[in-house]
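**Student:** Let me begin by handing over the structure; questions about it come next.
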Amino acid sequence: MSAQLTFAAPRRAKPPRHLADLSPDERREAVAALDEKPFRADQLSRHYFGRLVDDPADMTDLPAAVRDRLVAELMPPLLTSVRDQVCDEGMTRKTLWKAFDGTLIESVLMRYPDRVTMCVSSQAGCGMNCPFCATGQAGLTRNLSTAEIVEQVVAGARALARGQIPGGEGRVSNIVFMGMGEPLASFNNVLRAIHRFSDPSPAGLGISQRNITVSTVGLVPAIGRLADLDLKVRLAVSLHAPDDELRDELVPINTRWKVAEVLDAAWAYADRTRRRVSIEYALIRDINDQGWRADLLGRLIKGHPVHVNLIPLNPTPGSKWTASRPSVQTEFVRHLEAHGVPVTVRDTRGQEIDGACGQLAAMPQEPPLRTRQG
Ligand code: SAH
């Protein structure tokens, strides 16, 4: 019955071990196992998480021989940038990464006036097979290691700290697990990554758990496990339909865990963590955008600590579906608000670089040119 068993990635060579895979205690043990003084682990952490250093030459508090050995053992290169694509005057940047085994993944950095959000991948590909999502179409390649997840954010933090993103020096303030993959299907690696993100610097990056969002298709047992951990991370549930008949089609895992079970798990999470849950709902023209569906959704969720995020469907290659008409979207919002449910419509940041929700497919070549508005 465990979600881990059912959705386990195919067995493959593991990414090399990295400092960011390890808790502070494990780092000291790893350094001791290399016959070095355990405090060297704290020095390495300060360089990696605190100063965001990636060049061993900058680690001048470590004797050169020690440094080379420790860096080779504990900070192997994990992700190589293959391509950056930018839009919004450089405020949105999508990076294509190649892992040690050639696997390709993507992450997106989005700078807003008051925050910087990084959208990270937890898996290469995805096994959930939602028909409107580009990532789902190619299936699951493998889970990312904890350090491969962390490296996406560290790279963004580094670019911001070095003033490489327009708007001056900055910091990553928010993280969303809304890139490639189903985070709760790689539970342990994602959990460890959350600790690396939120542990105070220099053990971790010192980003508040309140600013970290885990977005899931609704793996009910894993939502329960997450709730039991008493973290402060926000939960987002990709609902996309209030009725099982349609949700079975849009989010195929619904055939296993129904709308009512997913929502019950979400309310239990909210109860336990005292945090409002987000319901994600991609508005797909003539598929899930009817007024009666908005009413049904409103009736299901009203009175609960919830916030609805409507996402105008982003186009994906080969899909016949498109975003709802603006007037229909406005009506949908009105119906939900009539039930007293808080609603926002998400912007479609990064759409022109295929960096918006559901568009990450990690294609090494530019996708074929297609006409786009705006
Ligand atoms: N697997 C996780 C996280 C990845 S996707 C999940 O499903 O929640 C992040 C959000 O983007 C999800 O709500 C997903 O359903 C949504 N999404 C996927 N494809 C989309 C598309 N083409 N347009 C708009 N949103 C999309």
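Cβ coordinates are placed from backbone N, Cα and C, and glycine is handled just like the others.
Because TrEMBL annotations are produced automatically, they should be read as predictions rather than curated entries.
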**Student:** According to TrEMBL, GLY181, GLU182, SER238, LEU239, HIS240, ASN314 bind S-adenosyl-L-methionine; identify which of SER201, SER208, SER215 is listed for that same site.
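**Tutor:** When TrEMBL describes the S-adenosyl-L-methionine site, the candidate it includes is SER215.
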**Student:** So which range, 1-25, 26-50, gets flagged region 'Disordered' in TrEMBL?
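**Tutor:** The range carrying the region 'Disordered' annotation in TrEMBL is 1-25.
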**Student:** Determine, to the nearest whole angstrom, how far the Cα atom of ASN314 (S-adenosyl-L-methionine binding site) is from the Cα atom of CYS357 (active site, S-methylcysteine intermediate).
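**Tutor:** So the alpha carbons of ASN314 (S-adenosyl-L-methionine binding site) and CYS357 (active site, S-methylcysteine intermediate) sit roughly 7 Å from each other.
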**Student:** Run through the Cβ atoms and count how many others sit within 10 Å of the one on CYS130 ([4Fe-4S] cluster binding site).
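**Tutor:** Taking every protein chain into account, the count is 22.
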**Student:** What whole-number Å value do you get for the CA-CA distance of GLY181 (S-adenosyl-L-methionine binding site) and CYS126 ([4Fe-4S] cluster binding site)?
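**Tutor:** Here the two Cα atoms are 4 Å apart.
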**Student:** When you average the Cβ positions of CYS126, CYS130, CYS133 for the [4Fe-4S] cluster site, which other residues in that chain have a Cβ within 8 Å of that mean position?
**Tutor:** MET128, ASN129, PHE132, ALA134, THR135, GLY136, GLN137, GLU182, VAL217, GLY358
**Student:** Within 10 Å of each Cβ, count the other Cβ atoms and name the one among the binding-site residues SER215, SER238, ASN314 with the highest count.
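**Tutor:** Within the set of binding-site residues, the most crowded position is SER238.
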**Student:** Round to a whole number and give the Cα-to-Cα distance in Å for the pair SER238 (S-adenosyl-L-methionine binding site) and CYS130 ([4Fe-4S] cluster binding site).
**Tutor:** 10
**Student:** Between the Cα atoms of CYS357 (active site, S-methylcysteine intermediate) and CYS133 ([4Fe-4S] cluster binding site), find the distance and write it as a whole number of Å.
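**Tutor:** Cα-Cα, rounded: 8 Å.
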